[in-house]
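This report refers to the structure that appears directly beneath it.
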Amino acid sequence: MPPESSLNAEMSKKISFFGLKGLKLWVWVCLVVGVFIVMILCILSLWITFRRKSRRSSSKFPFNQIPHVSKDIRVDRAGFQNPHPESLYIEMNDKSTGKTMMSHLGRTKSSDNDTLSQCSSVNHHERACSSHSGEEGGFGSAGRQYGGGPVTASPLVGLPEISHLGWGHWFTLRDLELATNRFAPVNVLGEGGYGVVYRGKLVNGTEVAVKKLLNNLGQAEKEFRVEVEAIGHVRHKNLVRLLGYCIEGVHRMLVYEYVNSGNLEQWLHGAMRQHGNLTWEARMKIITGTAQALAYLHEAIEPKVVHRDIKASNILIDDEFNAKLSDFGLAKLLDSGESHITTRVMGTFGYVAPEYANTGLLNEKSDIYSFGVLLLEAITGRDPVDYGRPANEVNLVEWLKMMVGTRRAEEVVDPRLEPRPSKSALKRALLVSLRCVDPEAEKRPRMSQVARMLESDEHPFHKERRNKRSKTAGMEIVETKDESLGPSGSETKP
């Protein structure tokens with residue numbers, strides 16, 4: 001009998017299994033193969049489902065998904081044994097205490113507390129002092145701290161602990177939709193190329209500002225990471241506090257404390273002027289607070305933070321007229337061994353330091369120049385660049401140098417200021433501003449020195465046996481020596 005006929009005969013035999021009779025062998029073979037295939041499909045289905053769930057759960061640790069975008073931002077994985085092997089740590093050195101802190105970007109409870117600040121005034125307004133969020137910050141070389149007052153509760157109190165991180169809070173998209181009424185247009189506080197800022201209220205009643213970043217060619221990822229790593233782990237009463245963030249799908253959002261009295265640009269040039277004009281004391285309080293914040297970023301922590309976009313609209317003001325430096329989307333971090341970095345020129349026209357604009361070399365001296373322009377803006381009430389004015393008055397810095405050089409310094413004061421500042425107060429502020437905008441970067445003072453100058457009730461340079469006369473922008477200004485400060489504001493060697 002041919003083999004084919006024998007095989008057909010065998011496959012056609014009727015066999016009984018499991019009580020089933022009369023089924024041919026080939027039918028049983030097909031049933032077994034079919035059951036095997038179904039089992040394989042079930043196993044694959046279970047495996048795929050498990051993988052999807054594991055991906056969802058891993059997305060709750062968002063920093064593992066964000067690519068490193070700048071070599072200037074140093075994020076160190078912990079080099080010691082720790083209970084969170086997949087967590088990230090950011091190394092921070094506080095120069096004022098000599099301590100090294102490791103900021104943990106993993107799941108743990110938050111214990112952030114705040115302190116309060118002071119009071120100031122505005123024409124036609126009376127405001128009482130009250131407790132306000134903020135924290136102390138120290139100046140490394142100055143050896144002192146600014147801030148103080150009773151400790152107040154964290155704005156994150158009452159939120160689900162499962163979302164707490166070491167320095168802030170992880171918010172879901174649903175959390176922020178509820179807080180902002182689904183990002184209603186009526187809650188828009190401001191917008192720009194970076195995205196839109198909304199006012200919101202968390203479930204615990206805390207008012208917040210939610211920055212929703214626009215994902216233009218990955219810019220949202222870049223700005224998100226820069227801001228989180230620049231200020232997510234630092235606390236100072238004059239820095240706007242980053243409360244947390246949201247990463248969900250393509251959404252990148254940052255959640256800040258809500259600062260309720262606008263910004264310096266609005267008070268000097270915009271809508272807040274309808275509430276009255278800032279007094280000289282209020283302006284100097286805002287400027288001094290900004291100087292303290294920059295001194296903390298430049299001198300009290302490592303790596304130091306260069307803000308790169310100091311301008312009036314980034315100086316938020318609370319209801320006690322305390323400055324809150326904000327918007328760190330352009331910030332760069334410098335290690336202690338770096339004198340500068342080379343980077344693409346970014347910033348706001350009129351505030352950018354000339355050496356940075358010309359060469360792309362960036363360090364903290366660029367921020368100091370921008371601060372000097374900001375101080376001039378507060379003194380004069382003028383924009384840094386105003387093409388609506390005569391040609392010789394378009395550039396604020398050049399116009400002021402010309403006015404000082406022709407001995408007309410008292411004419412530069414904002415005409416809306418009532419009462420006007422004393423001659424000594426005006427002279428001190430002008431001297432500080434001119435030193436900050438010195439075209440030679442190395443001659444600009446450090447921000448801790450600037451803060452001390454602005455806080456002093458006397459001339460910033462104490463008298464010695466003899467005065468040294470120098471010319472600043474063409475006008476002779478008596479500039480006395482300090483035992484520790486040279487004519488450029490830098491430390492002198494014994």
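Cβ atoms here come from the backbone N, Cα and C positions, even for glycine.
What Swiss-Prot records for 28-48 is transmembrane segment, and it gives sequence analysis as the kind of evidence.
Marked as phosphothreonine by Swiss-Prot on the basis of similarity to another entry: THR172 (among others). Mapped onto three states, the DSSP output places THR172 (phosphothreonine) in coil.
What Swiss-Prot lists as domain 'Protein kinase' is 183-462. Per-residue confidence over the domain 'Protein kinase' (183-462) averages 92 (mean pLDDT, predicted model).
Same-chain residues at least 6 positions away in sequence with a Cβ under 8 Å from that of VAL197 (ATP binding site) are, in sequence order, VAL188, LEU189, GLY190, GLU191, ALA209, VAL210, LYS211, LYS212. The ATP binding site annotation in Swiss-Prot covers LEU189, GLY190, GLU191, GLY192, GLY193, TYR194, GLY195, VAL196, VAL197, LYS211, and the record cites sequence analysis as its basis.
DSSP gives TYR256 (phosphotyrosine) a strand state. Long-range C-beta contacts of TYR256 (phosphotyrosine), restricted to its own chain and to partners at least six residues apart, with a cutoff below 8 Å, comprise VAL208, ALA209, VAL210, LYS211, VAL240, ARG241, LEU242, LEU243, SER326. Summarising the annotation, Swiss-Prot assigns phosphotyrosine to TYR256 (among others) and lists similarity to another entry as the type of evidence.
Around the Cβ of ASP309 (active site, proton acceptor), the number of neighbouring Cβ atoms within 10 Å comes to 20. Residues or ranges marked as active site, proton acceptor in Swiss-Prot (evidence: sequence analysis): ASP309.
Swiss-Prot lists SER313 with the feature phosphoserine, giving similarity to another entry as the kind of evidence. Within 10 Å of the C-beta of SER313 (phosphoserine) there are 19 other C-beta atoms, taking all protein chains into account. Secondary structure at SER313 (phosphoserine), taken from DSSP and collapsed to helix, strand or coil, is helix.
According to Swiss-Prot, the feature phosphothreonine maps to THR343 (among others), an assignment based on similarity to another entry. When secondary structure is read from DSSP and collapsed to three states, THR343 (phosphothreonine) falls in the coil class.
Here Swiss-Prot flags THR348 (among others) as phosphothreonine. Reduced to three states, the DSSP call for THR348 (phosphothreonine) is coil.
Secondary structure at TYR356 (phosphotyrosine), taken from DSSP and collapsed to helix, strand or coil, is helix. Residues or ranges marked as phosphotyrosine in Swiss-Prot: TYR356 (among others).
Summarising the annotation, Swiss-Prot assigns region 'Disordered' to 442-494.
Per Swiss-Prot, the feature compositional bias 'Basic residues' maps to 462-471.
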Euclidean distance between Cα atoms of THR348 (phosphothreonine) and SER313 (phosphoserine), Å: 11
Residues LEU189, GLY190, GLU191, GLY192, GLY193, TYR194, GLY195, VAL196, VAL197, LYS211 binding ATP per the record - widest CA separation, whole Å: 14
What is the total of other Cβ atoms whose distance to the Cβ of THR343 (phosphothreonine) is within 10 Å? 16
For TYR356 (phosphotyrosine), the close recorded positions (Cα within 10 Å) drawn from GLY195, ASP309, THR343 turn out to be THR343
Report the member of THR172, THR348 (the modified residues) whose C-beta atom has the most other C-beta atoms within 10 angstroms. THR348
